[in-house]
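Colleague: Okay, so Swiss-Prot annotates it like this:
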| type | residues | note |
| --- | --- | --- |
| DOMAIN | 106-331 | domain 'Radical SAM core' |
| BINDING | 120, 124, 127 | [4Fe-4S] cluster 1 binding site |
| SITE | 339 | site 'May act as a redox switch' |
| BINDING | 339, 360, 378, 427 | [4Fe-4S] cluster 3 binding site |
| BINDING | 414, 417, 423, 446 | [4Fe-4S] cluster 2 binding site |
């Protein structure tokens, strides 16, 4: 087939020149990050105008035809080379339509954020519950007397309803994240859920818990270890804190005490660390050294949810801070990640269009279930879907379909963006609050993501490389 049709380099192929014989390429929709030598780059560049395969043979007569065939076939399979006249964005839109038509089946549910408690023992300066909400439903339910603590019976009931629905949609896995408030203010429910599903064989369940860590005890640590529950602790820096207990004292002593317990039991520990206007001045590599001391495996950098951060701070300064910490972590055996890094991982993949969601499960891939059964997109979102008492109605409601579609549909302003197939943009809660429209593209945040991803690509040391001599 390739012999008889005109071929063309996709307009969605992006090039970053490394040196005179190294070019890094990725596709805005399909990913497939790779490096090519100058000869392969010239072959691909020649296809910026439509050509027959015989045209390529003639233009590059010094390269064996079999090698050219290998090159063309390889990059055709990756989606980098297309047929002349092929409408890639139309194919992308058709893929979106097919997924929208399946949303009501529950297929899009990849995760449950189980808000077991809306109580918290801390009073953090920049907690999003104090600033990000923007819907009447959030105003009603956040402090509702019956929406503070989830009973074990309700938790299991909610999970059962989701499992029964998604296995009919042929989903094989479900992530359950215990969330709050502070989830450990309701340890009883967490313990009951873990025990109830210890022999679950209908699908694979992965757990995690997001906690400030202050209430961790040896028993809790052992239980979380027993059920392979990663402990994601909210922690920004060993030098200074904006996280305070309700009596106004700094939280660092509590953090250290909990980390010592978790280290003793060899729990998997990750930090959620916020890089924001509040933490910018003291956010540095010290957190990696601190993490090493307590066997913390991973640091997730959460970028500021407030869009003004990307206007008020120099983007190069933000990117440099992230890259410095990322590379320092690599050098010291600590994984440094974040939603920004998931975008990068998506670009490394081939044909990544088929995954469940792009970066954050909250952007179309999860149900955030509150204690009394009301459901939102995320604890950090005001997007309200309904109640677990009517899961079928919830999945067919206009708002759920709109949010679930957001996992694979971006703003129309993203059409020509190099990250369109890999990035979900700024946090939904921030977009809701600032713009009142989850399809809005915040330019400041987008400019930061593009700059950060390009820096990661430029500095990556382990990229698959194609050389003309190795294509025989």
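Heads up, the Cβ atoms here are built off N, Cα and C, so glycines get one too.
Since we're looking at a predicted model, the values are computed, not measured.
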Colleague: Sorry to bug you, but what's the C-alpha spacing from residue 417 ([4Fe-4S] cluster 2 binding site) to residue 120 ([4Fe-4S] cluster 1 binding site), rounded to the closest Å?
Modeller: 40
Colleague: Looking only at Cβ atoms, how many others are within 10 Å of the one on residue 417 ([4Fe-4S] cluster 2 binding site)?
Modeller: 19
Colleague: For the binding-site residues 378, 414, 427, work out the Cβ neighbour count at 10 Å and name the residue with the minimum.
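Modeller: Minimum Cβ neighbour count within 10 Å, taken over the binding-site residues 378, 414, 427, occurs at 414.
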Colleague: Measuring Cα to Cα, how far is residue 417 ([4Fe-4S] cluster 2 binding site) from residue 427 ([4Fe-4S] cluster 3 binding site) in Å?
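Modeller: About 18 Å separate the Cα atoms of these two residues.
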Colleague: Can you count the other CB atoms that lie within 10 A of the CB of residue 360 ([4Fe-4S] cluster 3 binding site)?
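Modeller: Step by step: centre on the Cβ of residue 360 ([4Fe-4S] cluster 3 binding site), count other Cβ atoms within 10 Å, giving 20.
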Colleague: Provide, as an integer number of angstrom, the distance between the C-alpha atoms of residue 414 ([4Fe-4S] cluster 2 binding site) and residue 360 ([4Fe-4S] cluster 3 binding site).
Modeller: 18
Colleague: Starting from the Cα of residue 339 (site 'May act as a redox switch'), work out which of the binding-site residues (378, 423, 446) are within 10 Å.
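Modeller: The binding-site residues passing the 10 Å Cα test are 423.
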Colleague: Take the mean position of the Cβ atoms of 339, 360, 378, 427, the recorded [4Fe-4S] cluster 3 site. Which other residues of that chain put their Cβ within 8 Å of it?
Modeller: 359, 361, 362, 363, 380, 424, 428, 429
Colleague: I need the CA-to-CA distance for residue 378 ([4Fe-4S] cluster 3 binding site) versus residue 446 ([4Fe-4S] cluster 2 binding site), whole Å please.
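Modeller: Approximately 21 Å lies between the Cα of residue 378 ([4Fe-4S] cluster 3 binding site) and that of residue 446 ([4Fe-4S] cluster 2 binding site).
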Colleague: When you measure from the Cβ of residue 446 ([4Fe-4S] cluster 2 binding site), how many other Cβ atoms are you left with inside 10 Å?
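Modeller: I get 19 for this one.
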Colleague: Measure from the Cβ of residue 120 ([4Fe-4S] cluster 1 binding site) and count the other Cβ atoms within 10 Å, all protein chains considered.
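Modeller: By my count, 19.
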Colleague: What Cα-Cα separation, expressed in whole Å, is found between residue 423 ([4Fe-4S] cluster 2 binding site) and residue 360 ([4Fe-4S] cluster 3 binding site)?
Modeller: 9
Colleague: Would you list the other residues of this chain near [4Fe-4S] cluster 2 - those whose C-beta lies within 8 angstroms of the C-beta centroid of 414, 417, 423, 446 - in sequence order?
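Modeller: Sorted by sequence, the hits are 410, 411, 413, 418, 419, 420, 425, 441, 449, 450.
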Colleague: Including all protein chains shown, what's the count of other C-beta atoms within 10 A of the C-beta of residue 339 (site 'May act as a redox switch')?
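Modeller: Within a 10 Å radius of the Cβ of residue 339 (site 'May act as a redox switch') lie 21 other Cβ atoms.
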Colleague: Three states by DSSP: which one describes residue 417 ([4Fe-4S] cluster 2 binding site)?
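Modeller: The three-state answer is coil.
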Colleague: Given residue 427 ([4Fe-4S] cluster 3 binding site) and residue 446 ([4Fe-4S] cluster 2 binding site), what distance in Å do their CA atoms have, once rounded to a whole number?
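Modeller: Residue 446 ([4Fe-4S] cluster 2 binding site) has its Cα 11 Å from the Cα of residue 427 ([4Fe-4S] cluster 3 binding site).
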